[in-house]
Amino acid sequence: MAERAALEELVRLQGEHVRGLKQQKASAEQIEEEVAKLLKLKAQLGPDEGKQKFVLKTPKETLTGKYGEDSKLIYDLKDQGGELLSLRYDLTVPFARYLAMNKLTNIKRYHIAKVYRRDNPAMTRGRYREFYQCDFDIAGQFDPMIPDAECLKIICELLSSLQIGDFLVKVNDRRILDGMFAVCGVPDSKFRTICSSVDKLDKVSWEEVKNEMVEEKGLAPEVADRIGDYVQQHGGVSLVEQLLQDPKLSQSKQALEGLGDLNLLFEYLTLFGIADKISFDLSLARGLDYYTGVIYEAVLLQTPVQPGEETLGVGSVAAGGRYDGLVGMFDPKGRKVPCVGLSIGVERIFSIVEQRLEALEEKVRTTETQVLVASAQKKLLEERLKLIAELWDAGIKAELLYKKNPKLLNQLQYCEEAGIPLVAIIGEQELKDGVIKLRSVASREEVDVRREDLVEEIKRRTSQPLLN
């Protein structure tokens, strides 16, 4: 024990030495040499079974091995104080790490935060390298498919309330996929890489996916053809029942378990009143390695241009699934906590909302400000400051231009550009009469309101939702 304590102290001192060299901007060769010594000391230290293996940080050993072929999109930060670190790729793996670290076995939560991906950005489609995600997860041991159905209900409620157009939620199950691959003749070692190929079917044709499987990943053409017979099918609960009777697929215990759960899931979705928004789609694969059961993805639908054409997807806006084994990867004793969750692409949603508003020639409100305090003449800054203080104290969201003598036209134009609905105008005559001129930016109508009634009138006029 004493030897270990001494070694830990050496590691601490060497770590401080490395950090000191970096602060002093020592040569790269010297830093590299000292980091190597630090890593050697840590290797001698070895694992300590009596201590928690994971501490409150997100080292790359935490992130790798969870995302399949998407691991190449992780941002690595090399050599930070002797450790290999990475920016978080999503909010799911950090959540699982948090559960394991704090020995939590039951929690229901949402989380909005930034994530980072080394991807090709597409600004017009809301695809960035740094972006926000909103996650909702349910962790705990519960009866099958009840929390899963709730997650799908939440997705449908969110997308319906946003009024961004028709949508469809595709569902599948990783056990069905794995069972399908097995009965089609895919080697176990190729399950995950073939799964990643199948996941591209929403973007490219089956022929392109088959070519990738055969030419790039070495799958036999006849095996790829057998996969193609399955993954091009989609439907509702009737397809689930059909596949339960499939002579090949029914040979797989995994696939039968997945199909049984999907059958139950559709029962709950019908009770929730959302079954018409759900499609069982065998091409949905979700390339992330940590999924273990039901998976789903919500896509917005584009109205067909010509009668008879199929409805086209215009991009994924939410996705998720069940990941029962992820928490156990971080627990020293491998204790599992079943989890299911969903993730909403915030920037993707914003991008779509903005495009729809622009198409309808509606302005996007960029502020929650209810009223701008303006002046009609010069030398009224003090009066504007007095009035805005009164409004702030009453809980009114108000602002003013940071100029002593702004022109009235400039103040009105600012309201139009920012989407501020009201203007409280102070003038010399208004001060004499004890009133404030309240102007509606949209209609340009103006009324005189007694100063003591102004707060109530603003609240009455702005009681409507932020976006009309």
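Note: Cβ is positioned from N, Cα and C throughout, glycine not excepted.
For GLN133 (L-histidine binding site), the same-chain residues that are 6 or more apart in sequence and have a Cβ closer than 8 Å to its Cβ are ASP90, LEU91, ILE112, ALA113, LYS114, VAL115, SER343, ILE344, GLY345, VAL346. Taken from TrEMBL, the feature L-histidine binding site covers ASP90, LEU91, THR92, ARG117, GLN133, ASP137, ARG286, TYR290, TYR291.
Residues or ranges marked as coiled coil in TrEMBL: 350-377. Mean per-residue pLDDT, taken over the coiled coil (350-377), amounts to 83.
The domain 'WHEP-TRS' feature in TrEMBL is assigned to 3-59.
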Checklist entry - Long-range same-chain neighbours of ARG286 (L-histidine binding site), Cβ under 8 Å, sequence gap at least 6? => result ASN172, ARG174, ASP199, ILE295, GLU297, ALA319, GLY321
Checklist entry - Non-local Cβ contacts of THR92 (L-histidine binding site) (under 8 Å, 6 or more apart, same chain)? => result ASP135, ASP137, TYR290, TYR323, LEU326, GLY341, SER343
Next on the checklist: Neighbour count, 10 Å Cβ-Cβ cut-off, for ASP90 (L-histidine binding site): what number do you get?
Outcome noted: 20
Checklist outcome for this item: A correct count of other C-beta atoms within 10 Å of the C-beta of TYR291 (L-histidine binding site) gives 26
